[in-house]
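J.: Mind looking over this structure? Questions follow.
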Amino acid sequence: MQTKLSFEDKLQKNKALYGIFIWLFISIAYLLFIANWGFGGYLTGKGISIEGDKTILNPGILGYFGINGNDSSFLLKNQAANWGITIGRGIGSVAVALLLSKLFHKYTTIVALSLTLLGIPAQFLPSQPYGYVLFLVLRTLMAIGGTMMIILTQPIVANFFTKKQKSVVSQFGIWFYPLGTIIAVLPFVVAHYTKANDVVMNNWKTILTTLSALNVIPLLVMIIFGSRFDAKKAQEEESMEKQESGLKLLGVYFRKKATWAWTLLYGGWLCAVVLPTALSHVIFPKLAEIAGNPAGEATHIREWYIVFLAAVFVGPITIGLWSRFPLKRKWYIASVILLGISLYVLSMITYVWGVSKGDITSRVIFYILGFLSGLSLWGIQGVMLNTPHEYKDNNPKTIGWMFSLIWGLGFIFFTLVLILINLVPIIAGGKFAVNNIWMYVIIIVASLISVIGLLMLKEPDPEANTFPWSNKK
């Protein structure tokens with residue numbers, strides 16, 4: 001009598017289908033975290049404000065906790081807290097490899113997803129300044145768990161997919177960060193035109209709690225359907241590694257040139273894709289004023305953000321197609337990154353000398369440049385993510401270590417750049433023009449460092465053709 005297979009058995013029998021199933025839910029968890037984190041920034045609000053004898057409670061997170069968002073001492077402390085959170089995300093990313101070596105993929109993912117659920121009680125802490133400190137602590141732990149998600153997709157890719165399937169999954173895996181950011185930005189763009197900004201701000205608890213609670217779904221999926229697919233591989237490698245501890249292995253990877261090359265590549269690339277959508281609405285209007293033009297509307301820049309991020313949906317079928325062919329990677333990745341950075345510079349020029357003046361044609365060009373810049377910088381991520389899988393002798397364990405360090409050290413690099421940008425006003429001594437010019441220059445230089453890291457790496461296949469039309473060797 002033939003035994004009827006359960007849904008779980010059917011999934012695991014079809015290796016690629018099972019891989020897609022687990023990969024998708026982990027990726028959705030990452031998307032939810034990115035949306036949650038993005039909303040957290042936009043829902044901060046102005047806090048309390050004092051007008052005469054009256055204390056006005058403005059909608060948003062700071063208002064709930066009774067904090068004056070304009071207080072200079074608070075601004076510095078809050079900025080330092082943000083730096084600490086980002087560094088914490090970096091350290092948490094590095095810790096993924098250590099957890100994978102002890103708990104294996106299933107239980108490491110369960111731990112990470114459990115951390116994201118700490119975003120639920122964060123909204124219901126006492127409405128006092130000390131409650132805000134606890135709020136930041138819980139959000140930091142949530143952020144560490146959320147950041148781990150993007151790394152935990154990679155052992156899945158390494159274990160369950162063929163070489164061709166890996167390139168396809170890597171192409172479309174780039175969607176989740178931009179989509180999560182769009183989810184966070186879009187309501188505020190709509191609210192600007194519908195005058196409904198206060199409605200969004202007043203519902204900050206509902207928004208953040210819902211996004212955190214939705215991670216219960218991927219958590220249940222991992223508990224029920226997750227597997228210890230890497231356990232057998234770990235046992236096979238145990239004798240080869242002489243049972244080296246995770247910390248010793250970490251030291252081995254730290255001594256490799258490739259680790260630091262990938263750190264520069266991913267750290268610089270993070271600066272190229274994250275800082276433009278984090279700081280342009282502050283820097284561009286100031287640069288326009290320096291040039292003697294009106295500041296313009298920051299809403300147009302947020303619309304540029306959406307276009308820049310939305311380009312990711314076209315990336316896999318354009319820029320990302322390169323990873324599906326046996327071609328050289330380094331020159332292509334470098335060229336596309338340089339193109340994307342150049343288009344971002346042109347976007348700034350178009351805003352400062354056109355959009356800020358209310359010129360409609362310049363505004364259209366501004367959006368086109370944003371789309372093309374996003375297409376380049378986001379589209380190339382799929383090729384970059386697939387490249388580590390193309391080196392010989394890689395397996396789920398080495399891929400887990402590699403991506404843990406890439407993202408962890410990359411986040412730390414990104415944080416150091418962000419700290420440097422925030423220190424510019426202090427170093428420049430309040431010189432208005434110098435501040436914003438130097439902040440923009442730092443963004444560009446930090447982004448260009450990605451190319452230096454790329455040049456330090458070895459070509460995955462030195463014998464591959466340079467162009468698709470080249471004669472086969």
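Each residue, glycine too, has its Cβ placed from N, Cα and C.
So TrEMBL lists these for the protein:
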- 20-39: transmembrane segment (TRANSMEM)
- 80-100: transmembrane segment (TRANSMEM)
- 107-124: transmembrane segment (TRANSMEM)
- 130-153: transmembrane segment (TRANSMEM)
- 174-194: transmembrane segment (TRANSMEM)
- 206-225: transmembrane segment (TRANSMEM)
- 264-284: transmembrane segment (TRANSMEM)
- 304-322: transmembrane segment (TRANSMEM)
- 331-353: transmembrane segment (TRANSMEM)
- 365-387: transmembrane segment (TRANSMEM)
- 399-425: transmembrane segment (TRANSMEM)
- 437-457: transmembrane segment (TRANSMEM)
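Buried or exposed, and what's around them? Tell me for each listed feature.
T.: Within the same chain, residues 11, 109, 113, 116, 119, 142-143, 145-147, 149-150, 152-153, 156-157, 160, 169, 173, 176-177, 179-181, 183-185, 204, 207-208, 211-212, 214-215, 217-219, 221-222, 225-226 sit at least 6 positions outside the transmembrane segment (20-39) and bring their C-beta atoms closer than 8 Å to a C-beta of that stretch.
Under 8 Å from some Cβ of the transmembrane segment (80-100) lie the Cβ atoms of residues 107-108, 111-112, 136, 139-140, 143-145, 147-148, 151-152, 155, 230, 246-247, 249-250, 397, 400-401, 403-405, 407-412, 414-415, 418-419, 422, all in the same chain and six or more residues away from its ends.
Same-chain residues lying 6+ beyond the ends of the transmembrane segment (130-153) with a Cβ under 8 Å from its Cβ atoms: 23, 26-27, 29-30, 32-34, 36-37, 40, 61-62, 65, 67, 81, 84-85, 88-89, 91-93, 96, 105, 108-109, 111-119, 121-123, 173, 176-177, 212, 400, 403-404, 407, 411.
Sequence-distant neighbours of the transmembrane segment (264-284) (same chain, 6+ residues past either end, Cβ-Cβ under 8 Å): 181, 185, 296, 298, 301-302, 304-305, 308-309, 337, 340-341, 344, 348, 351-352, 356, 373, 377-378, 381, 384, 406-407, 409-414, 417-418, 421, 436, 439-440, 443, 446-454, 456-457.
Same-chain residues lying 6+ beyond the ends of the transmembrane segment (304-322) with a Cβ under 8 Å from its Cβ atoms: 170-172, 174-175, 178-179, 181-182, 185-186, 189, 276-277, 280-281, 329, 332, 336, 347, 351, 366-367, 370-376, 378-383.
Distant neighbours of the transmembrane segment (331-353): 269, 272, 276, 280, 283-284, 287-288, 291, 293, 296, 300-301, 304, 319, 322, 362, 365-366, 369-370, 372-377, 379-380, 383-384, 387, 440, 444, 447-448, 450-451, 454-455, 466; these residues of the same chain sit at least 6 beyond its ends, with a Cβ under 8 Å from one of its Cβ atoms.
Away from its own ends, the transmembrane segment (365-387) comes close to residues 154, 166-167, 170-174, 178, 265-266, 269, 272-273, 276, 300, 303-305, 307-312, 314-316, 318-320, 322-323, 329, 332-333, 336-337, 339-341, 343-344, 346-347, 350-351, 354-355, 460 of its chain (Cβ-Cβ under 8 Å, at least six residues beyond either end).
Panel annotation: around the transmembrane segment (399-425), residues 79, 83, 86-87, 89-97, 100, 105, 147, 150-151, 154-155, 157-158, 230, 249, 253, 259-260, 262-264, 266-271, 274-275, 279, 388-389, 435, 438-439, 442-443, 446 of the same chain, lying at least six beyond its termini, place a Cβ under 8 Å from a Cβ of the stretch.
Beyond the ends of the transmembrane segment (437-457), by six or more residues, the same chain brings 257-258, 260-269, 271-272, 275-276, 279, 283, 287, 290, 330, 333-334, 337-338, 341, 344-345, 348, 417, 420-421, 424, 428 to within a C-beta distance below 8 angstroms of the stretch.
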